[in-house]
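Positions annotated as active site, proton acceptor by Swiss-Prot, on the basis of similarity to another entry: H278. If you look up Swiss-Prot, you'll see G53, A54, S55, G56, D57, L58, A59, K60, R87, Y162, K186 marked as NADP(+) 1 binding site. The D-glucose 6-phosphate binding site annotation in Swiss-Prot covers K186, H216, Y217, L218, G219, K220, E254, D273, K375, R380, Q410. As annotated by Swiss-Prot, NADP(+) 2 binding site applies to R372, K381, R385, R408, Y416, A417, K418, D436, L437, T438, R502, Y518, W524, with the evidence given as similarity to another entry.
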Amino acid sequence: MMIILFNCFFCASFREDGQHPTVSLGGVWGAAKELHEDKEFHQSDVHVFIIMGASGDLAKKKIYPTLWWLFRDGLLPEQTYFVGFARSALTVDAIRTSCMPYLKVTETESDRLSAFFSRNSYISGNYTAGGSFSELNAHIMSLPGASDANRLFYLALPPTIYHSVTENIKHFCMSAKGWNRVIVEKPFGHDLQSSEELSTHLSSLFTEDQIYRIDHYLGKEMVQNLMVLRFGNRIFGPIWNRDNVACVVLTFKEPFGTQGRGGYFDDFGIIRDVMQNHMLQMLCLVAMEKPASTNSDDVRDEKVKVLKCIVPASMSDVVLGQYVGDPEGEGDAKLGYLDDPTVPKGSTQATFATVVLYVHNERWDGVPFILRCGKALNERKAEVRLQFTDVPGDIFRNQCYRNELVVRVQPNEAIYAKMMSKKPGVYFTPEETELDLTYKSRYKDVKLPDAYERLILDVFCGSQMHFVASDELREAWRIFTPLLHQIEKEKPKPIPYKYGSRGPAEADELEKRVGFRYEGTYKWVNPHRL
């Protein structure tokens, strides 16, 4: 499945006018041909995609736009129908109107868009009422060919109603002849116990191959590229270990605060929101051993093995912060987290965290994995940074700095290596520079699909490689639950940091203490001026 996605999306054309890029006609045919040859992807079958929570923001901003792009580019089975379900009294026209700002439709695509929405329908009902789901099933059965159709249920819902919705899907809405797949959005629980309760509940209703726990970060281009970078290049294998890597830094930075969502965020915090899922998944791809194949089970088994080697996070290796307003800032930058009217007064919830983890196995023993994430920081950035050890036998009198390999996930996907080179001219002194692969420069005519496009297409094709397995989830919560419970019990006051800054200075001190060396001599500048 990985090869299929690579080929089908890398034949598209990149638009420079700000519109969502479209796949070329030849690309559509090539992609469709490869998809239709996949054993799980039956072009002639009828498929029904049901959006539970069709009136919500996630459906409006992500799910409907993604389905439209896949439909527009000819990447879905020919007979695919879309059914929205929510409590609100809505029409398909109302859904279309609310989604339009996010669909990125060009003038030439209006007929295709009308064809897409002609395949849409909407049913209003109660999430806890079996009668509503019986009506939903009757509506699905009224669609052409639906008696044999495959059904995909996307739960774009708050986790508080997962139990009742999944029970009603199981009892009233399952396809008797086709396959059934359920897509579940994070958060997958609040801690280890609640996650186990959710997993037990889901497994009592569905088999593991029917459950798709979606972490959209696993659909991002550079996150998926980590496996190819590691296991498709001979040069990295011998140095990807404790003998050569001094530390690994995984960074997730957002330049905005909670901005009215503080009440929701305050229930979870930055560790649950980003670190326990997105960042830990990236750590797995960096640290795991080579799987036997790219088969979903083989890949997920290796991720579980590396998670089992990580001991729970220790408070002594943690820095927590909370942003405050910048008096000299503009707009929202003047406001701190506690200025958000939806945030409880005096909240000690962290909006920034640095946590150091260690993988206790032969490859990584002693190497710190530094996870750093936060809101209201100085830039938008997500990256994986491997800093290598010093060159032994230095002959350049401490003028050489550590090599680094950086995989930039967002923005402007890139891979670059910081290295030493002779300074040009008559000098014989080392100078820090980079080897650079910036995607939008190297792949000018390539469309990089949205993460949800890849993942929803994976569900149609039956590939679970980029979805979270129940045993992965269990290990992830095992690592962070003791720390989260300690924070909730002791309520340590987070260190204040200014909106638009790099975060608390104490985080830099922690990174330095465990072995990361920030030289302060060099900043990578994108030479392509994207």
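Cβ coordinates come from backbone N, Cα and C, glycine included.
Within the group of binding-site residues (Y217, Y416), the Cβ with the highest number of other Cβ atoms inside 10 Å belongs to Y217. Ranking the recorded positions H278, R372, K418 by other CB atoms within 10 A of the CB puts K418 at the bottom.
Its Cβ placed at the centre, Q410 (D-glucose 6-phosphate binding site) has 18 other Cβ atoms within 10 Å. Within 10 Å of the C-beta of R385 (NADP(+) 2 binding site) we count 18 further C-beta atoms, all protein chains included. Considering other CB atoms within 10 Å as the measure, the emptiest surroundings among the binding-site residues A59, L437 are those of L437. Of all the binding-site residues listed here (R87, K186, K375, R502), it is R87 whose C-beta has the fewest other C-beta atoms within 10 angstroms.
R87 (NADP(+) 1 binding site) and R385 (NADP(+) 2 binding site) have their C-alpha atoms 45 Å apart, to the nearest angstrom. Recorded residues D57 (NADP(+) 1 binding site) and H278 (active site, proton acceptor) have their alpha carbons 21 Å apart, per Cα-Cα distance. Note on proximity: among A59, Y217, G219, K375, Q410, the binding-site residues of the record, the Cα nearest Y416 (NADP(+) 2 binding site) is that of Q410.
It is D57, among the binding-site residues D57, E254, whose Cβ has the fewest other Cβ atoms within 10 Å in the structure shown.
Contacts of S55 (NADP(+) 1 binding site) defined by a Cβ separation under 8 A and a same-chain sequence distance of 6+ are given as G84, A86, R87, S88, L90, I95, in order along the sequence.
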